[in-house]
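*Asks:* Just lifted these from Swiss-Prot, have a look:
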type	residues	note
TRANSMEM	8-28	transmembrane segment
TRANSMEM	32-52	transmembrane segment
TRANSMEM	66-86	transmembrane segment
TRANSMEM	94-114	transmembrane segment
TRANSMEM	158-178	transmembrane segment
DOMAIN	200-288	domain 'RCK C-terminal 1'
DOMAIN	292-373	domain 'RCK C-terminal 2'
TRANSMEM	383-403	transmembrane segment
TRANSMEM	406-426	transmembrane segment
TRANSMEM	451-471	transmembrane segment
TRANSMEM	475-495	transmembrane segment
TRANSMEM	540-560	transmembrane segment
Amino acid sequence: MNINVAELLNGNYILLLFVVLALGLCLGKLRLGSIQLGNSIGVLVVSLLLGQQHFSINTDALNLGFMLFIFCVGVEAGPNFFSIFFRDGKNYLMLALVMVGSALVIALGLGKLFGWDIGLTAGMLAGSMTSTPVLVGAGDTLHHSGMESRQLSLALDNLSLGYALTYLIGLVSLIVGARYLPKLQHQDLQTSAQQIARERGLDTDANRKVYLPVIRAYRVGPELVAWTDGKNLRELGIYRQTGCYIERIRRNGILANPDGDAVLQMGDEIALVGYPDAHARLDPSFRNGKEVFDRDLLDMRIVTEEVVVKNHNAVGKRLAQLKLTDHGCFLNRVIRSQIEMPIDDNVVLNKGDVLQVSGDARRVKTIADRIGFISIHSQVTDLLAFCAFFVIGLMIGMITFQFSTFSFGMGNAAGLLFAGIMLGFMRANHPTFGYIPQGALSMVKEFGLMVFMAGVGLSAGSGINNGLGAIGGQMLIAGLIVSLVPVVICFLFGAYVLRMNRALLFGAMMGARTCAPAMEIISDTARSNIPALGYAGTYAIANVLLTLAGTIIVMVWPGLG
């Protein structure tokens, strides 16, 4: 039996789509030195090659892919978007605006200089910024621009062509820039990170290994009684001195949960909760030959929960003001926008931040109720909320504003992005509403993006050879300029106008470019995770601004003549 693969793929859009995805994902795992191609460029290359052979796909699949991707970008940005927009994140907002705005202006200028159409110009901007949200926003706006069919088809083909030709240029140039730009300025990045660490009390905690607290029991002897000198637990400050917290006391056979007025007596058996290294550092009067095994005394359920910051008495407060240790709880991690932050007493909490807290189950529940809620440990997605807000986003995208002879429409990209932000924001405020496990959200987002990339590649593949010959050199030059010049402008603005700490500034610059590989290089150069504070500050707002940049560049292009 002979199987004609070409006819089989041309006759089955679903089969063609998943063949492109599978081959592209395999290609994306290849490395060029220390640089991995990545899923999006792998799928794009495979789809362009197959597109040259005149394979095509139903455009409805392409549209659904970009809609899912943009909606999920909004959901991820939602919990932190408004806090960054309205509060003390104004520096991060301004940095993101400078980065995206300067790239947009430069791309428009280069597009006019080289005589390109809007498709090539927007594609070059998206590729140079390694930003699929720009590509998606521009593609959606082109569909609603009112172009005639032939002109629209050419613009969409050029959009994906420009992206394909400049993506690797943008990625490699930014990674090289992240490695060498810190060395060209007069402040050492490691010194800047250490300065922030000293100012914020991170010298000991920033590199602390995270362990779960353990519970051990000790008998109070004469040495320990002498050590306490008749002071009650509040006056002793056991946690400040030892790093452990007295959770229970057995006295005369009776178990009790002590309060601050309790005084240790000879023969008491005490249960201490703390990290393993804290137990190891205990004064010898606690440890030497005095550890006991008491099943009832040690019968305690130590849990680790992810607590989402929500309540007004926690939002805007510093970590130190929560006084978790005073409530017998231990902080393991601080996560913002899927980025792990340094455990810094001076970090100001935003709504939607996630604190990983360990301690007795009752105490963790109490502290969670005080600052927010315990994240639902469920693998069940609230599909009703997901679908409802998706519909709302599409309806918002249909809104059109008429100004005399000029009409302006929101478009699906802006509508779905706004609806996604609202769903993410409401999820951060209502624990039982709109829950989407991070794994599920990432899968839908990645799948939507890959479907979109496959569609644009298959569509543009037939014209790539002509495009390479005519504009390849121009694209190389333009890609380098749009990738690196906004980074330099952003650095100058942050360093000399905002006067930001260099470690935070470089992290924020990589966040404004939404480039995780470059962020890793900055952290390695600083030998610290301090830059993650800046990265998280700009990342969420940059994703939104980049999507809007794709819309704006298409809208303003006709007016530039």
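Glycine is no exception: its Cβ is also placed from the backbone N, Cα and C atoms.
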*Asks:* Under a criterion of three or more Cβ pairs within a distance under 8 Å and sequence separation of at least 6, are the transmembrane segment (94-114) and the transmembrane segment (383-403) in contact?
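*Replies:* These two stretches do not touch.
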*Asks:* Return the stretch with the most CB pairs under 8 A relative to the transmembrane segment (475-495), choosing among 32-52, 158-178, 383-403, 540-560.
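*Replies:* Per the Cβ count, the answer is 158-178.
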*Asks:* Same chain only, please: residues at least 6 beyond the ends of the transmembrane segment (540-560) with a C-beta under 8 Å from a C-beta of the stretch. Say none if there are none.
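*Replies:* Same-chain contacts beyond the ends: 70, 73-74, 76-77, 80-81, 84-85, 89, 92-93, 96-97, 99-100, 103-104, 107-108, 111-112, 118, 121-122, 125-126, 129, 131, 133-142, 145, 337, 408, 411, 413-414, 417, 421, 511-514.
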*Asks:* Averaged over the whole of the domain 'RCK C-terminal 1' (200-288), what is the pLDDT?
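*Replies:* Overall, the domain 'RCK C-terminal 1' (200-288) comes to a mean pLDDT of 77.
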*Asks:* Taking a Cβ cut-off under 8 Å, which residues six or more beyond the ends of the transmembrane segment (8-28) line up next to it in the same chain?
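*Replies:* Contacts of the transmembrane segment (8-28) (Cβ under 8 Å, skipping residues fewer than 6 from its ends): 36-47, 50, 55-58, 61, 450-451, 453-454, 457-458.
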*Asks:* In the domain 'RCK C-terminal 1' (200-288), how many residues does DSSP call helix, how many strand, and how many coil?
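*Replies:* Tallied per class, the domain 'RCK C-terminal 1' (200-288) gives 25 helix, 23 strand, 41 coil.
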